[in-house]
Amino acid sequence: MTDGGTTEERSTLRRWLDSDIVQSSPFWLPPFLLMGFFVYAAIGWNLLLSLTEYSGFGDPDYSNLGLHNYRAMLDDPGMWAATRNTFVLLVGFTVVCLIVGLLLALLLDREIRFSRSFRTIYLLPFALSFIVTAQFWRWMYNVNNGIVNQFIGLFGIGPYNWLGSPKLVLGSVIFALVWQFSGYTMIIYLAALRSIPNDQYEAARVDGASTVRMYWRVIVPQLRPAMVSATVTLVLFALKAFDFLYATFDGYRPRRGADILATKMVRESFGRSEWAYGSSIALMLFVLSLGVIAPYLYNQYKRGNL
Amino acid sequence: MAETQLDDVRKVFTEDDGNEIVAVNDVSIDIEDGEFLVLVGPSGCGKSTTLRMIAGLESITDGEIRLDDRVINDLPAKERNIAMVFQSYALYPHMTVRENMAFGLEESTDLSDDEIATRVEETAEMMGIDPLLDRKPEELSGGQQQRVALGRAIVREPAVFLMDEPLSNLDAKLRAQMRTELQQLQEQLETTTVYVTHDQTEAMTMGDRIAILNDGELQQVGTPLECYHEPANAFVADFIGEPAMNFFDVTRRNADGDGAVLVGETLEYAVSNDITTAIGDRNELVLGVRPEDIDIQHSDGNPRRADGHTVPATVTVVEPTGDENIVYLDLGEDGSETAIVTIDGMSRIEAGDSVVAHIPEDAIHVFDGKTNEALHNRRVESSEPRAPNI
C-alpha cells in the first residue's frame, strides 16, 4: 500500500502516453514546429522589430520599444500614397477581374455546354510568369513604338506615356494584371458553372426567363461560392503584386503613382536599411491580408467547410 | 386548358461525325383538352425528347406541334404557356420555396407582386406546402421537394403540364401515394397533362390514355385497358403488363378438319377457324398469353381432357407476393421453353412439381412473326371471373 501513489503516478503517465494527442504527435508535431517557427515566430519577430528603432548596420535594440514607427507612418505622405494605391489596385483589379472572368466563363460555358468544344487560350496568360508578362507589357506600353500607342494612334489619339505618367500608370498596371488573371477567374467560374445541372437552365427557360434573365437570376447567384474564393485569391495576389511591379520598373522604385505597400516595404528595408520602419509596413500588409482572409475563413468555418 | 396536337413530329440529332440519329420518328398524337396522356417506353425510346419538343427545349426537325390550333414549333418556351416538372425537380437552390414558385410568374406574366404573392400562397396551401414557403430546397426532404416542384408548375396555371418522370426519385411507398395524389390534382385542375415514364405501372394506373413509344416510333395510343388487352403489336404486349406476356414462336400447320394447329418447340396448339382467318396465309407466328390467363393443375390430379390447349410442365421457381404466386414453368418434356404464370396466393404449389398448363383459346394473342403486328387479340368480353386455377 505504501507505493500506491507511485502506481497512480505511473498510470497517469501511462494514460498520458496512451492518449490520442501523444500517439498522433509524430504526424502533426513536425509540420507544427516548422510552421510555427518559420511563419508564426517570424511574424512575431517582425512585430517586435517594428517596435524598435533598428536601422542601418548593427543589431536591433530591444530595450526601448514603442509605436514611433506607426506614428511616423501617419506623417509619411509616401505611406498614404502607397496605401491608397494598394487599395485602388486591390479593388480595381479584383472587381474588373471578377467581371471579365465571369463574362468569359459564361461565354465559354455556353460553347462547351451547347457544342462541346473547348479552348484553353484564355488560361494561357495565367501560365506565364510575372516576369514575362511584365516585359511583354513594357513593350506593349512603350511610348514611341508600343502596340497600344500604335493602335490608338490609328484613331488619332495619343500617344500616351502609359507607364510614365503618374495619372495613367496605376490603370495601366491594373489592365495588365487583369489580362493575366481573368483567365484564372474564368476557370474558377467555369468549374462552378459545370456543376450546375442542365435542368436549371431548362427549368428557367420553361419558366419563361430570357437568356439574360436566366443567367442573372438563376445561374449567376449560384456562382457566389466561386466568386468568394476567387475574390480571396485575387485580393491576395493584388496585395503581392510586388513582383509584377519589380519586373515592370526594373526594381522596387516604381514610377510615382504606382507605389504600393509591398514595394515601399522592400524599399524602406533593403534600399534605405530602415529595418524597423519596413517591418511596421510589413505588419500593416499582414493586417490587411488578414482582414481579407479572416471573414472568408470564418464564413467557411460557419458552413462547416473547415 | 388546351388541346395539343403532334403531327408527324420528327427529331433527328446529328452527331459530330455527321451521323444522323432519328430520336423521334413521325409521331402523331392528338391530346384532348384536360386529358392525362402518359408517354411510356424503354430508355432511349424518344419519349423525353418528345416532351422536350413540346416544352420548347428541343427544336423540331420536321412536323408540327399545335396548341389549340396554333403552331408552336418556333415559339420560345416563354410564349407557350407550358409548365414542366423535371425528374430532378430542378428547384433553384439559392431561392426559397416562395421565390421558386414566384419565379415563373415573374418571368412569364405581367402580374403585380401582390397578385403573384397571393397566387403562390393559395397554391402552396392547396398543395400543403405553405409551412415550407420560407425554406430553401436543401432543407426539404425528397418528397417535399417533389411537392414544391409540382406547386411551381401548378401556380403558373399553364395550358399544359409536362412531367418528366417526376416520381422516379421517390421511394416506393411515397411514389404510390403521389401517384394517386397527382391523378386527383389533375382531375381537379382539368389541365392537359403529358406525363413521361418508363414505368408501365405508372402508365397503366395514371393515364387516361397511354402512348407507347419504341425506337422513336409510336407503337400504340389507347386507354390502358385497350393497350393491355388489345395490343397493336408484340412490343406493346410485352411492355405493358407485369410479369410480361409469355411468347412462343410457332408455325402454322393445317388441321384435318376446321382450324389449324400452331406448332412450337414444346407446344402444339389447336386454334379455331376465326383465328386461322385472322392469320391468313402467314406461317411464322408468335403466340402470346398473359401469365394470369394460364391455368395450372397438378398432373396427378383430375387429368384435364386433352383439348389441344394443354402442355405438360415442371415448376422451377415459385415467388409468393402475398395475394398471388408468380410461378416459373419449364414447358414440355425437356423444358426447352419457359413460361410465367400467376396464380392465386393461397394455392399450394412448389418448385419441382409436375403440372399441366392449360392455355384457354379465348385468352391468346397471335402476332406476325416478321412484323410483330397483332393478328388476333384475346376476346375482352370473355374476361369474366373464372373458377380458381387449381
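Even glycines carry a Cβ here, placed using N, Cα and C.
Under the heading domain 'ABC transmembrane type-1', TrEMBL lists A:83-298.
Residues or ranges marked as transmembrane segment in TrEMBL: A:27-48 (among others).
Positions annotated as transmembrane segment by TrEMBL: A:87-108 (among others).
Taken from TrEMBL, the feature transmembrane segment covers A:120-140 (among others).
Residues or ranges marked as transmembrane segment by TrEMBL: A:146-163 (among others). Using a Cβ-Cβ cut-off under 8 Å and counting only residues 6 or more beyond its ends in the same chain, the transmembrane segment (A:146-163) has close neighbours at 138-140, 169, 172, 248-249, 255.
According to TrEMBL, the transmembrane segment annotation covers A:170-192 (among others). Sequence-distant contacts of the transmembrane segment (A:170-192) (same chain, at least 6 residues past either end, Cβ-Cβ under 8 Å): 85, 88-89, 92-93, 96-98, 100-102, 104-106, 108-109, 122-126, 128, 130, 133-134, 137, 140-141, 162-163, 222-223, 225-227, 229-230, 233-234, 237-238, 241, 244-245, 248, 257-258.
Beyond the transmembrane segment (A:226-246), the same-chain residues lying 6 or more positions past its ends with a Cβ under 8 Å from any Cβ of the stretch are 86, 89-90, 93-94, 97-98, 101-102, 130-131, 133-134, 173, 176-177, 181, 184-185, 188-189, 191-192, 252, 254, 258, 260-263, 266, 285, 288-289, 292-293, 296, 299. Among the features that TrEMBL reports, transmembrane segment is placed at A:226-246 (among others).
Residues or ranges marked as transmembrane segment in TrEMBL: A:275-298 (among others).
Only sequence-distant pairs (6 or more apart) were considered; of these, at least three Cβ pairs between the transmembrane segment (A:27-48) and the transmembrane segment (A:275-298) are under 8 A, so the stretches are in contact.
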